[in-house]
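These notes are about the structure you will find just below.
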Amino acid sequence: MFFCIQRYYLMHLISKKELRKLQIKKLTEFANSKQKLSEDKILKEKLLRSSLLTKAESIGISVSMPIEVNTAPIIASLWKMGKRVYIPRCLPKRKMEFTLYDKNTILVKTKFGVLENHDSEAIVNNNLDLIIVPGLAYGLDRNSRLGFGGGYYDRFLEKYPTQTLSLANSAQFFKQTTWRVEEHDIPIEKLILVK
């Protein structure tokens, strides 16, 4: 099924809005599959062996939603490795910052279903060694990323450039970018794929 969808995309450049809708549906169906569980484990192991990760001390990563690659076991591994983990927190005017996340952090679910640290005393660090950037789709040919549509990561990375990587499972991966990439879309430095 996924091959047929990608084949359609390759024949037509699709708007980001339309692709987001299709990807959310596809990823929702994929979310509870055994294949996703297996791919999440593979992606975690590949990430933990990545030189970008092993060299980084401060790492930005989101607390995943069910349709994304599961970051809970990744975060647990980062803590065991002694890495400093920071999670994004949305601010007014579509801005974002990263707050320290440890085992004692209390998370609050936002109206979008994202878990964030809303502690006003939270330690903020926007100068991270590495950010693991979430998304709905990734194009290998241009290291492009289709996010959720807020532009938070693009704006953040424009202001605070750093090394980036993304984890793409088979439902998120496209050999060719089939959506319109805009000038402000910042490519991902490294894509980690299942295969």
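Heads up, the Cβ atoms here are built off N, Cα and C, so glycines get one too.
Per TrEMBL, the feature ATP binding site maps to Lys16, Lys17, Glu18, Leu19, Arg20, Arg145, Leu146, Gly147, Phe148, Gly149, Gly150, Gly151, Tyr152, Tyr153. Within the same chain, residues at least six positions away from Phe148 (ATP binding site) with a Cβ under 8 Å of its Cβ are Arg20, Phe112, Gly135, Leu136. For the recorded site, Phe148 (ATP binding site), the DSSP three-state label reads coil.
Applying an 8 A CB threshold to same-chain residues 6+ apart, the list for Glu68 (substrate binding site) reads Leu27, Ser62, Pro134. Annotated substrate binding site per TrEMBL: Val63, Glu68, in sequence order.
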Q: Measuring Cα to Cα, tell me the gap between Glu18 (ATP binding site) and Val63 (substrate binding site) in whole angstrom.
A: 25
(Q) Counting only residues 6+ away in sequence within the same chain, which have a CB under 8 Å from the CB of Tyr152 (ATP binding site)? (A) Pro88, Cys90, Arg94, Lys95, Met96
Q) How big is the ATP site in terms of the longest C-alpha to C-alpha distance among Lys16, Lys17, Glu18, Leu19, Arg20, Arg145, Leu146, Gly147, Phe148, Gly149, Gly150, Gly151, Tyr152, Tyr153, in angstrom? A) 20
Q) How far is it from Gly150 (ATP binding site) to Val63 (substrate binding site), counting Cα to Cα, in Å? A) 17
